[in-house]
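Among the features that Swiss-Prot reports, topological domain 'Intravirion' is placed at 1-36, 133-155, 200-233, 289-294, 356-435, with the record citing sequence analysis. For 37-57, 112-132, 156-176, 179-199, 234-254, 266-288, 295-317, 335-355, the entry in Swiss-Prot reads transmembrane segment, with the evidence type sequence analysis. Taken from Swiss-Prot, the feature topological domain 'Virion surface' applies to 58-111, 255-265, 318-334, supported by sequence analysis.
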Amino acid sequence: MGTQKKGPRSEKVSPYDTTTPEVEALDHQMDTLNWRIWIIQVMMFTLGAVMLLATLIAASSEYTGIPCFYAAVVDYELFNATLDGGVWSGNRGGYSAPVLFLEPHSVVAFTYYTALTAMAMAVYTLITAAIIHRETKNQRVRQSSGVAWLVVDPTTLFWGLLSLWLLNAVVLLLAYKQIGVAATLYLGHFATSVIFTTYFCGRGKLDETNIKAVANLRQQSVFLYRLAGPTRAVFVNLMAALMAICILFVSLMLELVVANHLHTGLWSSVSVAMSTFSTLSVVYLIVSELILAHYIHVLIGPSLGTLVACATLGTAAHSYMDRLYDPISVQSPRLIPTTRGTLACLAVFSVVMLLLRLMRAYVYHRQKRSRFYGAVRRVPERVRGYIRKVKPAHRNSRRTNYPSQGYGYVYENDSTYETDREDELLYERSNSGWE
């Protein structure tokens, strides 16, 4: 009997497998559509950042047709409520004094920091878009929109653009001395900035999901991993520091609104600003440590931003209370020590939170044996190697530039430029016990 030939073995397809050519084509079309929408959002965000920077430059110059300097919100030299120069509040002692606000150069510094940070983030997203386009052409990335959303998702771009346009309107209103309207509009800018910073830090997902997605990106492209990982962490810290400054501004803007509409006394308006700033800052630092730090472990932006805000507000408060000492002493003699004590306690709290975050980040990276921990451990060795290279070169340059020429020129501290190997060995032994 002849042997029966077996036909080709048919492949069994799982009923749960929906990967068909039609589905792949549909996924590709949706990915292309999402990618193009994301590119449009990036362009609009870049336009918003450019317009904000252009508005600040125009509002800072007297030759652009804008009537007033936007940063001069209050004028402590004027004591007449009928003059324009800021928002004014009376008191029981018969005086008339402006409310507490930042000095003009501080306002300029913070607003330009906001604009430059937005410009840097716009350049960052444009570079990311170019690299994703290149990697997609090289067949290293399949879903370009998914990788783009790991860097900046569309929700973040939307709220970021809205916050930039609101700040642009605030600057123009301040330049036209519409202080009350500008202060009210800044409350909306603060709300959008909170949403923008929150989404930019966490992408609206759980921390473990973000960590796994970024880790898997290393297999596709090292450049994209660096953009979505370490580089993005730097921008998160910049935005976190900016959020602390926004808390300072919204506290003072709320003070302007209260003083302008409720006509409160001098000490009442200052108390509103100080209580709002201290409360929001403490809540922000705690939320950053308990929630946001799970996404970016080396998150030092909130503490540093709060520390800078305390120093800036302390400088403005000192100048304010020095000029208006008489009405303050009449209304509330305890206002000056209370303000100083509040700012000092908040500054100490921000330093404590900064040290706590650095310690927890170090412990986390040491347990994970991450690349960041390895890079940190190599820093002292690199510094010592750099010092060994610089010291002999510096010593030779001194002897070359100052020859003795027979005069017996002697350097008293010439031994400080020589490398003492015994000290280095003792230093290494002393550090070995800590490893």
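Note: Cβ is positioned from N, Cα and C throughout, glycine not excepted.
Note that the coordinates shown come from a computational prediction; the quantities given were computed from them, not determined experimentally.
The transmembrane segment (156-176) makes no contact with the transmembrane segment (234-254), as judged by fewer than three Cβ pairs under 8 Å among residues 6 or more apart in sequence. Most Cβ pairs under 8 Å with the transmembrane segment (37-57) belong to 112-132, among the candidate stretches 112-132, 234-254, 266-288. Sequence-distant residue pairs (6 or more apart) of the transmembrane segment (295-317) and the transmembrane segment (112-132) include fewer than 3 whose Cβ atoms are under 8 Å, leaving the two stretches without contact. With DSSP classes pooled into helix, strand and coil, the tally for the topological domain 'Intravirion' (289-294) is 5 helix, 0 strand, 1 coil. When each of 179-199, 234-254, 335-355 is checked for Cβ pairs under 8 Å to the transmembrane segment (266-288), 234-254 comes out on top. Mapped onto DSSP classes, the topological domain 'Intravirion' (200-233) shows 29 helix, 0 strand, 5 coil. For the transmembrane segment (335-355), the list of distant contacts is 267, 270-271, 274, 277-278, 281-282, 285, 288-289, 300, 302-304, 306-307, 310-311, 313-314, 317, 321, 328: same-chain residues at least six beyond its ends, Cβ to Cβ under 8 Å. Per-residue pLDDT, averaged along the topological domain 'Intravirion' (289-294), amounts to 89 for this model.
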